[in-house]
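The structure appears below as structure tokens.
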């Protein structure tokens with residue numbers, strides 16, 4: 001940990017990811033849109049002072065505000081720009097040399113009667129080298145002139161942001177004859193003089209002129225693409241303009257994926273209360289552990305000195321009490337949440353932007369698939385979609401999704417469309433699994449509902465408190481929670497139709513199908529009636545759960561994207577269980593699911609369907625259009641995969657224990673990645689070990705997987721305590737949970753009031 005200001009890193013260091021993506025050292029750079037740039041610079045006055053290189057930077061900067069601007073106007077003269085809608089003024093002032101004229105202009109802003117610009121960007125040197133033929137006398141005069149200007153810039157820096165742009169290197173082989181005297185050696189001498197004088201003038205001052213030296217690093221990589229050897233290519237100067245925007249605007253706009261120049265957010269009231277709670281839990285657990293250890297030592301077996309026989313302890317070692325287990329869980333959870341906070345809220349560890357390449361996605365995919373095949377074992381049962389197989393399915397899908405997120409593969413549309421199918425497959429399993437349970441068991445009790453809701457939501461609720469994020473931010477958990485409640489409501493409302501009842505009378509099957517048709521109708525109506533959907537989820541307290549950035553549009557989009565797949569899962573479970581009951585499928589070890597002829601036909605159709613969907617997804621050109629079709633067609637590849645995986649008897653009888661292990665903690669992996677594997681709420685990558693990307697991924701992945709596994713254990717332990725089977729005890733716990741959320745809402749309201 002080097003400490004320091006991320007603004008300094010942004011202005012002075014970094015590297016290229018690929019050819020065009022600039023990665024600052026230790027932090028993430030946000031790509032500002034026109035609307036964001038306008039909101040940041042509203043009522044601001046920005047001034048660029050210098051030569052043709054500064055003019056280039058000026059044009060790139062104003063194009064961030066208005067992309068329609070063309071580089072027209074007087075080359076060797078002042079150029080004004082104004083955006084009246086946001087009251088933004090950006091001026092370029094032509095002062096190609098650091099001389100008395102430039103000094104006079106800067107001095108005019110230091111006088112009280114003249115309005116000072118909010119941002120001042122200054123830089124010049126190549127004209128001095130060119131006009132004076134690179135003489136040493138010109139360099140000496142340059143030093144004198146900067147020395148006279150430096151105090152004025154320092155004075156302006158008290159109330160304005162002042163940047164001195166160092167001179168970029170040139171590509172000497174491409175320079176015209178009239179510019180041959182502009183050498184990199186001369187440029188380095190001028191830059192060195194500027195840095196030394198500006199740093200010495202600010203040594204005893206709180207204000208400081210920021211030296212914009214990162215442009216040099218960018219130019220070293222790209223100047224070879226210059227048209228004349230002197231001026232930077234457009235992509236490079238656009239990068240410089242974006243860096244300027246990040247330096248000034250990040251602290252104002254606070255973008256999630258712009259960690260450079262952002263101060264650490266202050267602790268909220270709820271975070272402080274959570275910190276106190278976890279601290280007390282750790283202290284309480286340590287005290288109880290010490291008491292138990294002392295009691296154990298006192299009652300430990302000892303040798304009778306007279307008879308030489310061993311005496312038995314009067315009291316046996318006590319079992320772990322509920323209170324001790326509770327404190328132990330919260331103790332572990334407190335330490336884990338501290339790590340979460342340090343990784344993604346404190347400015348302790350570095351964060352970097354994602355950069356997609358085909359190799360960064362496909363090579364890890366091949367690697368984990370080989371590992372998965374290596375750990376092949378026989379299943380305990382050979383039923384279709386048995387427990388080991390569904391765990392395996394969840395596991396490999398989760399690993400692929402993790403690789404997709406860390407590699408930034410969402411920018412590659414074919415990969416994005418296939419990942420959408422994997423998310424849909426999770427929801428398909430939600431429909432299949434919960435329907436099967438309620439249909440077979442007929443258990444609609446409160447205990448079952450509370451167990452499922454607790455296991456799904458516990459980690460997310462804790463993260464909402466510790467990381468100060470809304471519930472809807474972790475969109476997948478609200479999605480599976482709502483769908484679970486929809487499945488429960490569909491099957492629990494009168495008449496309750498379960499397998500035991502339906503076996504007595506076949507008409508009950510039609511009654512259940514009627515319920516499923518009603519569910520499908522409601523889904524169809526809500527998917528095409530955004531207004532009705534938003535009204536339902538805008539009522540308090542649902543609005544507190546499903547709003548993101550002040551509205552429920554994000555929730556509607558997420559729900560709509562996979563709106564039919566849970567229904568498909570329920571329908572598939574119903575058909576499969578009906579066929580199984582009538583012994584129309586064979587699930588013996590090594591046996592094909594159907595007769596050989598039917599199995600071969602279905603297998604052929606499944607393979608063709610699977611490949612057809614992949615070809616369609618790979619040929620997608622527009623994400624919006626493909627997303628519109630996705631809810632209706634994603635089930636094709638899901639059903640094709642299920643049949644390919646289950647029709648052949650041998651394939652159904654084996655599973656990958658490697659994937660199944662990850663499948664058991666898939667929910668925790670999906671949620672934990674937000675903060676301790678990725679960074680900036682999934683927008684970037686967490687860097688624990690700078691300079692060694694592969695080693696960093698290995699270390700951060702190991703910690704991430706261990707933490708996810710531990711949280712899964714903690715959730716299971718707490719579920720037994722918080723959600724007991726006894727109905728009267730469960731009712732008391734539910735009242736306590738209601739009190740907890742009421743208190744959380746009260747403190748949240750206090751927080752919001754203090755923020756406003």
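Backbone N, Cα and C atoms are what each Cβ position is placed from, and that goes for glycine too.
TrEMBL labels come from automatic prediction, so no person has curated them.
The model shown is predicted, which means the values in this text are computed figures rather than measured ones.
Pulled from TrEMBL, these are the features on record:
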type	residues	note
DOMAIN	22-72	domain 'NXPE C-terminal'
DOMAIN	253-734	domain 'Cas1p 10 TM acyl transferase'
TRANSMEM	269-291	transmembrane segment
TRANSMEM	355-375	transmembrane segment
TRANSMEM	395-416	transmembrane segment
TRANSMEM	446-466	transmembrane segment
TRANSMEM	473-495	transmembrane segment
TRANSMEM	507-526	transmembrane segment
TRANSMEM	561-579	transmembrane segment
TRANSMEM	599-617	transmembrane segment
TRANSMEM	629-647	transmembrane segment
TRANSMEM	659-680	transmembrane segment
TRANSMEM	692-711	transmembrane segment
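Recorded stretches compared: 269-291, 355-375, 395-416, 507-526; the one with the most Cβ pairs under 8 Å to the transmembrane segment (659-680) is 395-416. As a whole-number mean, the pLDDT of the domain 'Cas1p 10 TM acyl transferase' (253-734) in this prediction is 92. DSSP labels the residues of the domain 'NXPE C-terminal' (22-72) in these numbers: 22 helix, 9 strand, 20 coil.
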